[in-house]
């Protein structure tokens, strides 16, 4: 039975270079997602594209497939030097750059092409060594790429393919001047294949595309609704005093297999982490203060199931491919309505269902009208029974301390995942047909 997120378009029918198809087959990719089915037939002809689709729809595989295919069918010039990559893939964050590199691994193995990573937060020497040996594909963030360019570690004169991923996020983070700097150091747009992908093709993104690309064709996959039809949304109005107790109560009732909790500040994230760690949850923290190597390790632990809950600022809300996230909690409603969509888009991916639970607290309830206007529907409201919330919670741990192993309130002293923690209070939720006025 065909699932809703896969089309009838086969990769085998696209005329791909055999070793590219081999890499796709090795990972079980046989049918295209909608963005792949629309983008690949266009870009494989050599036409530049500007693609838009919801997160989790296969944008990364689309541009990786096109990049590898183009490089294999269009050999490098004889004048190319060792420090000149043939393709460059730019991402707004270190985490996304690493994710793209990991996603490229099967194609690297099947084609024999080489790739290198360039991002901040890690020592220069290790990355420099890779580029000194020569790579075909450069994947990285703009700041470190510019550093390497100015130090002559890399040269962009032989670039044949350019990919700009999460272009709208590039604007949000103020990287557009860096991108334009790099574009001006590459061959002219007509001398290379250019691909831009974004969650939204806003006016400023389109302007960038037409300025530095060769008449790109727009490829748009419109969602059924901005928040995704497989995501069950829910909203609570907690007081500031009950907010943490409500979160911990919901977590114990739901026992999410894999959850992300978003907060608006790093200090709030640390506070949430401290409460959950003290309660012996397997929880990780991801914010701007966490060293890069630790961030990578935390993401790996979360992806592999060694961590059940990830507490994060919006650094984790865009671009990362974390499979099977079952729940997203907006502990704080985001200030930007678009960030609400990107946050809850961590769940309900690739045809799976998911749950999004948001708190409209005293501090951030003011953001709710703009969010509901942007998503074009009210978030279903639920009430809760204050008397049913957990109490006598342990004091939160400080970030520098190691979470203790003993002293759990639950029977058997650990999470069993089979309803052994606390009976579900069926009176906790009282769904409302309309949002409170």
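Cβ atoms here come from the backbone N, Cα and C positions, even for glycine.
According to Swiss-Prot, the ATP binding site annotation covers 53, 54, 55, 56, 57, 58, 59, 60, on the basis of sequence analysis. Cβ contacts within 10 Å of residue 58 (ATP binding site), excluding its own Cβ and spanning all protein chains shown: 22. Secondary structure from DSSP puts residue 58 (ATP binding site) in coil.
The annotation compositional bias 'Low complexity' is assigned in Swiss-Prot to 400-424.
Under the heading compositional bias 'Basic residues', Swiss-Prot lists 425-437.
Broken down by DSSP into helix, strand and coil, the domain 'Helicase C-terminal' (245-390) contains 61 helix, 25 strand, 60 coil. Look at Swiss-Prot and you will find 245-390 tagged as domain 'Helicase C-terminal'.
Look at Swiss-Prot and you will find 395-437 tagged as region 'Disordered'.
Remote same-chain residues near the motif 'Q motif' (9-37) are listed as 44, 51, 53, 57-59, 61-62, 65, 68-69, 72-73, 106-112, 219, 221 (criterion: CB distance under 8 Å, separation of at least six residues from the stretch ends). Residues or ranges marked as motif 'Q motif' in Swiss-Prot: 9-37.
Nonlocal intrachain contacts for the motif 'DEAD box' (165-168), taken as residues 6+ away from its ends with a CB within less than 8 angstroms of a stretch CB, comprise 59-60, 63, 89-92, 96, 100, 196-200, 202, 205, 208-209, 318-319. Under the heading motif 'DEAD box', Swiss-Prot lists 165-168.
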(message) Please count the residues of the motif 'Q motif' (9-37) that DSSP assigns to helix (H, G, I), strand (E, B) and coil.
(response) 16 helix, 2 strand, 11 coil
